[in-house]
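Novice: One structure follows; several queries about it will come next.
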Amino acid sequence: MTAAHVETARPTTPGTELGTPATEVSTPGPAAPVRGKEHVVGRVADIPSGEGRAFVAGGVQVAVFRMRDGSLHATQAACPHAGGPLADGQTDVDVLVCPLHLYAYRWSDGASTSGAAPVRVYPVREQDGAFVVTV
Amino acid sequence: MAPRTDAPVLGARRAATTTLRLDDELDARGRLVVVGNGMAGARLVEEVLERGGGEQFRITVFGDEPHGNYNRIMLSPVLAGESHEDDIVLNSHDWYADNDIDLRAGVRVERIDTAAKQVHAADGSVTPYDHLVLATGSHSFIPPMAGVRRKDGELLPGVYGFRTIDETRAMLEATGRCRRAVVMGGGLLGLESARALQGHGLQVELVHAMPWLMNAQLDAEAGAILKKSVESLGISVHLDVLATEVLGAERVEGVLLGDGRRLDCDLLVVAAGVRPHADVAVRSGLEVQRAIVVDDQLRTDDPDVYAIGECAQHRGEVYGLVAPAWEHAKVLADVLTGTDPQAEYHGSRTATKLKVAGVDVAVMGVSTPQRDDDEFLVISEPKRGVHLSVVIRDDKLVGATLLGDTRKVAFLTQAFDRGAPLPEERIRLLVDLSDGAAEVGVAEMPHDSQVCNCNGVSKGDICGAVTAGCGSVGAVMDRTRAGKGCGSCKSLVKQIVEWAADGDLAEDPAASWYVPGIPMPKPELVRAIREHDLRSVSAVFAALAPDGRDDAKSKMGLTSLLKMIWGTDYLPEKDAEFINDRVHANIQRDGTFSVVPQMKGGVTTPAQLRRIADVAEKYEVPMVKVTGGQRIDLLGVRKEDLPALWADLGMPSGYAYGKSMRTVKTCVGSDFCRFGLGDSTQLGIDLETRFQGIESPAKMKLAVVGCPRNCAEAYVKDVGVVAVGNGKWEVYVGGAAGATVRKGDLLATVDSPEAVIELAGRFMQYYRENANWLERTYDFVPRVGLERIRTVLLEDGEGIVADLDAGMQRSIDAYTDPWGQDAATPATPGQFRPSLPLVELPKVPVR
Ligand code: SRM
Ligand SMILES: Cc1cc2nc3c(=O)[nH]c(=O)nc-3n(C[C@H](O)[C@H](O)[C@H](O)COP(=O)(O)OP(=O)(O)OC[C@H]3O[C@@H](n4cnc5c(N)ncnc54)[C@H](O)[C@@H]3O)c2cc1C
Ligand code: SF4
Ligand code: FES
């Protein structure tokens, strides 16, 4: 960026922090493997049918999806491609589609349908009206 | 596994996958080692595997680049931002693992011990071989200029070659902060990079040492015409001058030309040719002249070492194109696997068809007559940027150059390759004379004439694939790889497939579907939805999708369609909406959202501005920006802040996120402007009021201007309205000035603002009912045809105008401001809950 450009590269609103340049955000990639600890992350009423919501399970950000047929899925919350918020994605019986660049990830193994890095999937079940995720 | 680097590895392996290897001792297969994982090296491995070589050889591939194998010739579209780098991966790391190939990606080979038959690599490894193939390609040639390198030998920051994906990424990244580029070299790569950088908004100057562009392929006259075409893109061209010095201490600041001129720049691309990568061969004692010398079996002077691709010199020729490299790979695979131990390569006749800086170019053979009795035919139309020429010797075509118009390339290529007889009237070689004589069609093409030069696919191969059962163009392309290189032959491939299938072709059925998950074109789908009374997206899937399966990528299109059909009677389902529609804001790269309040016709008030300012401060909005749509954008708003922010704003949504009517831009018009012929501002406000938030297959952007000076760009809008005086207004449709630029077509001239509103509504409804999902009006209008649209809308030729008006009215009645609604009560639990909890926002900044 030339000097003149930097001058204008300030937040317009006073008091706002400037983030890190986009170029310095490294590709998040897949999350760490599952270690096997169970966490209760939320209740059934927290996730409308067909949608996803994000939670923190033992320090790990997870996105939990409740499908229209009642089945559950959980994945890492940030897209391995460029950190997109996967809980904001759209779903069907086979895949989860990230809202940012529309990469699709298979529920079965987290693999991307386009050959990009896979998303980590976590075991999730419902117990007494609550979601239990194993991370 | 690939080594980890900061930059993502193209075609990388899934993390934590391991490959089991047999114990070396137990493996009786020969050892085939390939050095270079580029176009030639990887293709050789494919060809070997195709001939069953996986049983014969343990294969190891060394690649200097950390990536899987990618399509180098597609780097130009990647640099231009037209292709995504993920789309150019040919073989991912997984492919190597799946085929039991040991890929040493990111490992450079340093030398070969031909006596011990071992490969020594930079990571210290020593790999024995039985057969060794060098496919090390070329590197960019950096001419010796003062200042181009730093003391440590690295290029001065800001100076780039154009050969690898890493260089392409680096340049792409630099486009964001650079403003002026100089490109050295007026050949293919120089022109391509100049056009790409120009497309990124940089001011580009091109310096070429020769008197005309692409001097290696074109004659002076054609080069001059190409120069005009390039200059018309806004690129300045300096010919016949050398760059002698690169200026700048820390990073590039400019270049000095031989004639003393100085060109300032903050980015310098050096595309002054390539040099074969022959250092390994030299160090290993192999014979190297201009490149590594090989015989007709691609063998070097060591009997177990071969060279293919750009690093090989065969019968004095070194090629700089993929087609010869792929011919090398075929012959060598035949030899190595014993499929045809006598196979020989006798050189390539290179015919190239390229798109250079947006201009079609095809060249083959010689470009100018070389003997006294050579026939030379030239057609030159500098104004149109067209220059065509052929050179004929002894009744055979020995050269052709087509610039700006390559329609005759198929026939010329055949004539060149096969020595096919030429028409008596030579001019027929270059133009179709309209006396009804049939053009040499695909039917007459010889079976073995090459169609896809990149992948060496002949007409016969394509016909073979059709006979073998490939039922669509896509299937044939997948099977034969035709059209999968630079893509310039796709239309010819399509013609041949159609001819070979003789009408028996499965038209890719999905192409006509409205959304991929429901096998129906739009009219049929609309009928079925009405017939079964389907009011929600899940009901549509249950009733109409194969096995009732839902499909994520179809949901958004279906939601839009149902809203159009049912108006208020549509049953909303949040999960069928894209995130933008779920929270009525546009998602940003860091998961925050942008908020654009409605500002009808681009007119605002001090009170509105004050509120926007207050809200921006209260919610720490990182950027407040005036948009290209004449309103104000609050960018970087946290999802959880949206409802409160809307409530504080007290303004309705501007729908800047939806596939819907967006804005109506206006100019000041007759109230203030001395040229104004009509009250464009008021008409814009009225249009926006009436059509606010109307869902559509793709965005609809409108504008109204007070006179043909067109200050609010009405000629290039989906619906554009121009006051022409005496109370008359012109209504244009199908204009665009986004990714596509198209001047709208004049639909009608009407004589009141009311008539404009009525006609605009009819047109938009007709478009909503008939356009494909995501088809903008700039595609819809030409597809349907202006005449037909006029007949339907102006003469009621199909008797549907009343229905169109009613349909539009239904949607207008269903309008509610989504902000007002959901700010008061969320539509679903957690509608505005953050989706990246704990992450400090914004993670990526807003400049
Ligand atoms: C905010 C704005 C840029 C600005 O800062 O000025 C903008 C921002 C975006 N535009 Fe635009 N466009 C904006 C005016 C335009 C204009 C100019 C205009 O409207 O007069 C055009 C050309 C006119 C046209 O569309 O024909 C324009 C042509 C596009 C296109 C290309 C559409 C095409 O088919 O040619 C896209 C991509 C798409 O739609 O797929 C796009 C897509 C986008 C998206 C929505 C990308 C996305 O999906 O996230 C951008 C959202 C950025 C963000 O993070 O919020 N934007 N975009 C402008 C908002 C206008 C408004 O007030 O509503
Ligand atoms: C931007 C661009 C556009 C192009 N467009 C076209 C086009 O439209 N049509 C066309 O026909 N051609 C085009 N070309 C040319 C084409 O890409 C080359 O002819 C082709 O890539 C040659 O293949 P190759 O395998 O010989 O070399 P490369 O593809 O360059 O592969 C050589 C590989 O070997 C590796 N290597 C080198 N030395 C070592 C070592 N010591 N150890 C390990 N690995 C090593 C390199 O890192 C490289 O990955 C284009 C080239 C570029 C750069
Ligand atoms: S705002 Fe529009 S032009 Fe700018 S980066 Fe986004 S899509 Fe591209
Ligand atoms: S961030 Fe998910 S697809 Fe790009």
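Placement of Cβ uses the backbone N, Cα and C atoms for every residue, glycine included.
The feature [4Fe-4S] cluster binding site is assigned by TrEMBL to B:Cys667, B:Cys673, B:Cys707, B:Cys711. The siroheme binding site feature in TrEMBL is assigned to B:Cys711. The domain 'FAD/NAD(P)-binding' annotation in TrEMBL covers B:31-322. Annotation source TrEMBL lists domain 'NADH-rubredoxin oxidoreductase C-terminal' at B:351-417. Taken from TrEMBL, the feature domain 'BFD-like [2Fe-2S]-binding' covers B:451-498. According to TrEMBL, the feature domain 'Nitrite/Sulfite reductase ferredoxin-like' maps to B:587-649. The domain 'Nitrite/sulphite reductase 4Fe-4S' feature in TrEMBL is assigned to B:658-795.
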Novice: Please list the binding-site residues from B:Cys667, B:Cys673, B:Cys707, B:Cys711 whose Cβ falls under 6 Å of any atom in ligand 3.
Specialist: none
Novice: What other residues of this chain sit with their CB within 8 A of the center of the CB atoms of B:Cys667, B:Cys673, B:Cys707, B:Cys711, the recorded [4Fe-4S] cluster site?
Specialist: B:Val668, B:Gly669, B:Phe675, B:Gly676, B:Ser680, B:Val705, B:Gly706, B:Arg709, B:Asn710, B:Ala712
Novice: Using DSSP, tally how many residues of the domain 'NADH-rubredoxin oxidoreductase C-terminal' (B:351-417) sit in helix, strand and coil.
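Specialist: When I sort the residues of the domain 'NADH-rubredoxin oxidoreductase C-terminal' (B:351-417) into the three classes, I find 12 helix, 36 strand, 19 coil.
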Novice: Which residue, of the binding-site residues B:Cys667, B:Cys707, has its CB surrounded by the fewest other CB atoms within 10 A?
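Specialist: Taking B:Cys667, B:Cys707 as the binding-site residues, the minimal 10 Å Cβ count falls on B:Cys707.
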Novice: Please check each of the binding-site residues B:Cys667, B:Cys673, B:Cys707, B:Cys711 and report the ones with a CB atom less than 6 Å from an atom of ligand 1, ordered along the sequence.
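Specialist: Those binding-site residues that pass the cut-off are none, since no Cβ is under 6 Å from ligand 1.
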Novice: Just to be sure I understand the packing, how many Cβ atoms besides its own are within 10 Å of the Cβ of B:Cys673 ([4Fe-4S] cluster binding site)?
Specialist: 17
Novice: Would you mind giving the whole-number mean pLDDT across the domain 'NADH-rubredoxin oxidoreductase C-terminal' (B:351-417)?
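Specialist: Overall, the domain 'NADH-rubredoxin oxidoreductase C-terminal' (B:351-417) comes to a mean pLDDT of 85.
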Novice: Near B:Cys711 ([4Fe-4S] cluster binding site), which residues of its own chain have a C-beta under 8 A away, given they sit six or more steps off in sequence?
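Specialist: Expected: B:Cys667, B:Val668, B:Val705.
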